[in-house]
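What TrEMBL says about this protein:
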{"type": "DOMAIN", "residues": "23-288", "note": "domain 'NADH:quinone oxidoreductase/Mrp antiporter transmembrane'"}
{"type": "DOMAIN", "residues": "290-342", "note": "domain 'NADH dehydrogenase subunit 2 C-terminal'"}
{"type": "TRANSMEM", "residues": "56-76", "note": "transmembrane segment"}
{"type": "TRANSMEM", "residues": "96-115", "note": "transmembrane segment"}
{"type": "TRANSMEM", "residues": "151-170", "note": "transmembrane segment"}
{"type": "TRANSMEM", "residues": "179-197", "note": "transmembrane segment"}
{"type": "TRANSMEM", "residues": "203-222", "note": "transmembrane segment"}
{"type": "TRANSMEM", "residues": "234-254", "note": "transmembrane segment"}
{"type": "TRANSMEM", "residues": "274-294", "note": "transmembrane segment"}
{"type": "TRANSMEM", "residues": "325-346", "note": "transmembrane segment"}
């Protein structure tokens with residue numbers, strides 16, 4: 001893609017998200033979401049492949065439907081309450097429609113079906129943007145109006161997301177689809193605690209962004225998109241492969257990695273709210289996700305190809321890219337000891 005066009009599209013992505021984050025008026029927030037969608041669609045089609053065109057079409061149609069529903073629900077709320085400000089969603093039916101629309105934007109179950117297919121047709125860099133940056137604007141709107149959302153609806157969507165995110169990734173061989181289901185499961189955990197403690201949702205979102213970013217950056221460096229390619233990564237870069245294994249354990253929520261921190265705090269909050277059955281179901285669904293992370297870890301560490309890889313970067317890695325990767329890997333593994341500091345910052 002032309003570097004000028006790329007810079008304009010990336011700037012538009014940033015402007016769209018920042019507009020939504022800084023707005024207090026529903027129409028301005030909607031405009032930010034639209035700028036985001038319109039900037040993302042050309043980025044998806046830059047590889048000129050039928051799969052990427054299909055992904056871009058699916059993404060555009062889904063996001064357009066969600067945007068229309070957001071605009072309709074906010075107009076309906078303005079009609080009944082006379083208010084356009086974000087924090088005054090007092091009409092129940094408008095709030096219900098808005099929750100559904102934001103869930104479609106995020107890819108929360110049962111509105112998740114577009115996400116794995118769209119991510120499978122994209123290159124790894126665009127997948128990274130879709131799985132991380134594109135979650136910021138809709139999730140910030142959910143956090144802003146958390147006190148007016150229907151708690152039962154959020155809990156239902158959260159449990160469905162965690163179960164489907166774990167179940168859907170079990171039989172996959174493509175890592176992009178696995179990461180899509182991983183995203184759905186993590187969004188379930190964020191949605192679960194949204195009504196009770198939005199600070200924990202923010203913490204979970206921050207850690208999810210770090211874990212997913214480091215995972216996609218490592219996949220880009222190793223040029224791995226499926227399990228077969230991943231099994232030769234130990235020959236290419238043993239240190240990076242072992243770091244990827246630790247990152248996968250963090251995504252699964254194993255201590256003492258950073259991924260354990262949000263799951264532990266969310267389950268603690270749920271038991272305080274006397275939701276023991278929901279907590280048990282969420283913990284069991286996390287085991288489903290952990291299974292396919294362990295599958296990937298097994299492929300990286302214990303499955304060495306009997307012959308040398310024919311990749312063009314078997315013996316030497318280029319050092320000109322991924323300067324942020326060491327910092328991301330460090331944050332992935334070492335944030336658990338500073339839990340009290342993080343909680344103090346959020347409160």
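Each Cβ is built from the backbone N, Cα and C atoms, and glycine gets one as well.
Model, not experiment: these values are computed from the prediction.
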Considering only Cβ pairs under 8 Å, which range in 56-76, 234-254, 274-294, 325-346 makes the most contacts with the transmembrane segment (179-197)?
274-294
Can you name the far-off residues of the same chain, 6+ from the ends of the transmembrane segment (274-294), with a Cβ under 8 Å from a Cβ of it?
155, 158-159, 162-163, 165-167, 169-170, 172, 178, 181-182, 185, 188-189, 192, 248-249, 251-254, 263, 266-267
Return the stretch with the most CB pairs under 8 A relative to the transmembrane segment (325-346), choosing among 56-76, 96-115, 203-222, 234-254.
203-222
Just to confirm my parser: what is the rounded mean pLDDT across the domain 'NADH dehydrogenase subunit 2 C-terminal' (290-342)?
72
Are there residues at least 6 beyond the ends of the transmembrane segment (96-115) whose Cβ is under 8 Å from a Cβ of it, and what are they?
33, 58-59, 62-63, 65-67, 69-70, 72-74, 76-77, 89, 135, 138-139, 141-142, 145, 149-150, 153-154, 157-158, 160-161, 163-165, 180, 183-184, 187-188, 191
Considering only the recorded stretches 56-76, 151-170, 234-254, state which has the highest number of Cβ pairs under 8 Å to the transmembrane segment (203-222).
234-254
Give the nonlocal contacts of the transmembrane segment (151-170) in its own chain as ranges (CB under 8 Å, at least six residues past its ends).
96, 99, 103, 108-110, 112, 116, 177-178, 181-192, 194-195, 275, 278, 281-282, 285-289, 291-292
